[in-house]
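Student: If you scroll down you'll find the structure; I have some questions about it.
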Amino acid sequence: DDDHSDDEPRESESSKPCCSSCCTRSRPPQCQCTDVRLNSCHSACKSCMCTFSDPGMCSCLDVTDFCYKPCKSSGDDDZZ
């Protein structure tokens with residue numbers, strides 16, 4: 001009975017939704033991830049925009065009311 005594995009293909013670590021650079025300037029929060037990734041956005045991004053360079057520099061244009069956890073491994077959280 002692992003019905004949860006049918007919907008989602010196994011994701012690689014790099015495609016999991018995460019955001020190291022997230023900005024919010026309002027209340028309620030409007031957060032937008034400003035991370036730049038090569039050739040694609042994270043798996044939960046609905047609106048992804050990439051440059052036409054090779055490799056493409058892609059950023060997610062979604063505006064949410066939360067930020068994903070940082071992409072870096074935990075332990076680097078103290079640095080601002």
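Just so it is clear, glycine is given a Cβ too, placed from its N, Cα and C backbone atoms.
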Student: In Swiss-Prot, Cys19 is listed as disulfide-bonded to which of the following: Cys23, Cys31, Cys33?
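Tutor: Disulfide pairing in Swiss-Prot: Cys19 with Cys33.
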Student: Have a look at the disulfide-bonded residues (Cys18, Cys50) and report the one with the fewest Cβ neighbours inside 10 Å.
Tutor: Cys50
Student: Identify, in sequence order, the residues in the chain of Cys45 (disulfide bond) that are 6 or more apart from it along the sequence and have a CB within less than 8 Å of its CB; answer 'none' if there are none.
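Tutor: Counting only residues 6 or more apart in sequence, the Cβ neighbours of Cys45 (disulfide bond) under 8 Å are Pro17, Cys33, Cys60, Asp62.
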Student: If you skip the near sequence neighbours and keep only those at least six away, which residues in the chain come within under 8 angstroms of Cys48 (disulfide bond), Cβ to Cβ?
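Tutor: The answer is Ser40, Cys41, Cys58, Ser59, Cys60, Leu61.
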Student: Here are the disulfide-bonded residues: Cys23, Cys31, Cys33, Cys41, Cys58. Which has the lowest count of other Cβ atoms within 10 Å?
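Tutor: The disulfide-bonded residues Cys23, Cys31, Cys33, Cys41, Cys58 were compared, and Cys23 has the fewest Cβ atoms within 10 Å.
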Student: Out of Cys19, Cys22, Cys60, which of these disulfide-bonded residues shows the lowest number of other CB atoms within 10 Å of its CB?
Tutor: Cys22
